[in-house]
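*Asks:* Residues annotated as ATP binding site in TrEMBL: Gly36, Ala37, Gly38, Lys39, Gly40, Thr41, Arg157, Arg202. As annotated by TrEMBL, region 'NMPbind' applies to 56-86. For Arg62, Lys84, Ile85, Val86, Gly116, Phe117, Pro118, Arg119, Arg163, Arg174, the entry in TrEMBL reads ribonucleoside 5'-phosphate binding site. Taken from TrEMBL, the feature CMP binding site applies to Asn123. Feature annotation from TrEMBL assigns region 'LID' to 156-166.
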Amino acid sequence: MLGRLLGNASQRVPSLLKRVSLTMKPKVIFVLGGPGAGKGTQCSKIVEAYNYTHLSAGDLLREERGRAGSEYGQLIDTYIKEGKIVPVEITISLLRKAMEETMTKDETKSCFLIDGFPRNEDNLQGWNRVMDGKADVKFVLFFDCSNEVCINRCLERGKSSGRTDDNRESLHKRIQTYLQSTRPIIEQYEKHGKVRTVDASRSVDE
């Protein structure tokens with residue numbers, strides 16, 4: 001089922017249309033779920049099987065935080081450590097830049113998995129304000145997983161990831177932020193029939 005959904009949304013651009021592909025709107029699937037639900041892991045598998053580009057909002061923010069001379073670096077660092085959501089203008093700017101760069105480098109790459117966004121109502125309104133008419137959001141791919149499983153996975157990941165937010169204190173804050181801010185966004189999309197749910201408590205291959 002997942003393969004069919006992604007395949008339909010990721011039709012390859014015919015060779016005759018390659019030259020005009022940059023004028024096409026990027027096709028976007030928002031990938032949401034709690035910390036440790038497996039969003040990044042499963043996005044990597046989708047990329048292997050379909051002509052998609054994976055953009056992680058969190059990874060883009062962490063890269064920007066570490067970039068020398070970044071005007072946002074310290075601000076992003078503080079928000080991430082506190083388990084808070086980074087101001088929407090920064091996140092959308094990074095996402096838009098990444099999509100444009102990808103489509104410029106490869107004209108056939110117009111389908112994107114945006115992982116970990118929108119995280120709250122402000123994110124959603126910001127996206128609608130900035131990207132209205134500029135991107136085609138197909139649906140939300142929701143990785144549904146219990147809080148306990150998510151926390152245990154993140155603690156295990158934290159042993160080798162080097163991420164400053166993979167610790168129990170930050171995780172409890174992130175889980176609360178997810179429940180209070182992100183779940184309502186998923187519910188909004190559900191009302192419009194634009195959510196596809198995956199049981200993320202199972203093993204990676206399942």
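Using the three backbone atoms N, Cα and C, a Cβ is placed for every residue, glycine included.
Note: TrEMBL annotation is automatic and uncurated.
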*Asks:* Using DSSP, what is the helix/strand/coil residue split across the region 'NMPbind' (56-86)?
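*Replies:* Split by secondary structure, the region 'NMPbind' (56-86) comes out as 19 helix, 1 strand, 11 coil.
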*Asks:* If you count the C-beta atoms lying within 10 Å of each candidate's C-beta, which of the binding-site residues Thr41, Asn123 ends up with the smallest number?
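*Replies:* Each of the binding-site residues Thr41, Asn123 was scored; lowest Cβ tally within 10 Å is Thr41.
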*Asks:* For the binding-site residues Arg163, Arg202, which one has the sparsest Cβ surroundings, going by other Cβ atoms within 10 Å?
*Replies:* Arg202
*Asks:* Rounded to the nearest angstrom, how far is the Cα of Lys39 (ATP binding site) from the Cα of Pro118 (ribonucleoside 5'-phosphate binding site)?
*Replies:* 14
*Asks:* What whole-number value in Å do you get for the largest C-alpha pair distance within Arg62, Lys84, Ile85, Val86, Gly116, Phe117, Pro118, Arg119, Arg163, Arg174, the residues recorded as binding ribonucleoside 5'-phosphate?
*Replies:* 21
*Asks:* Taking Gly36, Ala37, Gly38, Lys39, Gly40, Thr41, Arg157, Arg202 as the record's ATP-binding set, what's the max Cα pairwise distance in Å, rounded to a whole number?
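*Replies:* That value is 17 Å for the farthest Cα pair.
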*Asks:* Please tell me which one of the binding-site residues listed here (Arg62, Ile85, Gly116, Asn123) sits closest to Gly36 (ATP binding site), measuring Cα to Cα?
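*Replies:* Smallest Cα separation from Gly36 (ATP binding site) among Arg62, Ile85, Gly116, Asn123: Gly116.
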*Asks:* To see if you understand the setup: which same-chain residues, six or more apart in sequence, place their Cβ under 8 Å from that of Gly38 (ATP binding site)?
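*Replies:* The answer is Phe143, Cys145, Arg153, Ala200, Val204.
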*Asks:* Taking the Cβ of Ala37 (ATP binding site) as centre, how many other Cβ atoms lie within 10 Å?
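*Replies:* Result for Ala37 (ATP binding site): 24 other Cβ atoms within 10 Å.
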*Asks:* Based on Cα distances to Lys39 (ATP binding site), point out the closest of the binding-site residues Arg62, Ile85, Gly116, Asn123, Arg163.
*Replies:* Gly116
*Asks:* Can you give the mean pLDDT for the region 'NMPbind' (56-86), rounded to a whole number?
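*Replies:* Here the predicted model's pLDDT, averaged over the region 'NMPbind' (56-86), is 88.
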*Asks:* Between Asn123 (CMP binding site) and Ile85 (ribonucleoside 5'-phosphate binding site), how far is it from one CA atom to the other, in Å?
*Replies:* 9
